[in-house]
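One structure below.
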Amino acid sequence: MKQLHIIQHPLILSKMTQIRRKETPTKMFKELVNEIASLMCYEITRDLETETFEIETPICKTTGYRIKGEDLVLVPILRAGLGMVEGIQNLIPNAKTGHIGIYRDHDSLEPVEYLCKLPPNMENRDIIILDPMLATGGSAVKAIEILKAHQVKSIRLACLVGCPEGVELVHQNHPEIPIFLAAMDEKLNEKGYIVPGLGDAGDRLFGTN
Ligand code: URA
């Protein structure tokens, strides 16, 4: 079943407005990306399974809850995905981080993997792929393929800005993967940028614009 969650919240709306503005400086851009990722984390992790265990308050014994199973893994797609890691890790401190690097081949225009470093036991973990921009969807589709090749069963895709073209490509290739966005924009332009978007997220995060 195709799932697209566009997370609507006044704080997300106003922070998204700030990061879209071209005059927003690198430091603030970085902070806002992490803050938006933190706010999104609440919805992205809503259906994680929990288990109970006994704890003791200063008053008495009671039931506590924890996220069930092995530590969750954040998988930023390099390089812009790195900008969302801290915001989520602030809320899930024992989350592990794997990295996937993908570039687009100049001739074939196909996405090509150049780096994949993942924690052990990926097959038993919940994974959140991070990439601020879901543009053509090519990198997201490739990242999902790489994770599926590692026998990962539980994958969520979290992006700040999406567009119909990117969502459609992921849905076509991996219809069972839930997509979480902070905003769904209008379209891609002829250069592959999301419109209105926020420009090149990697450049804006790392000050290379
Ligand atoms: N990647 C970006 O960083 N921005 C876009 O608009 C599209 C892809």
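The count begins at 1 with the first shown residue.
Cβ from N, Cα, C; glycine included.
The 5-phospho-alpha-D-ribose 1-diphosphate site recorded in TrEMBL comprises R79, D131, P132, M133, L134, A135, T136, G137, G138, S139, D200 together with one of R66, R104, R125, R156, namely R104. Taking R79, D131, S139, I194, D200 as the candidate binding-site residues, the subset whose CB lies under 6 angstroms from any atom of ligand 1 consists of I194, D200. Same-chain neighbours of the uracil site beyond I194, G199, D200, A201, judged by a C-beta within 8 angstroms of the site's C-beta center, are, in sequence order, P132, M133, V161, Y193, G197, L198, G202, D203, R204. Following the DSSP three-state reduction, the secondary structure of I194 (uracil binding site) is strand. When the binding-site residues I194, G199, D200 are screened for a Cα within 10 A of the Cα of D131 (5-phospho-alpha-D-ribose 1-diphosphate binding site), none qualifies.
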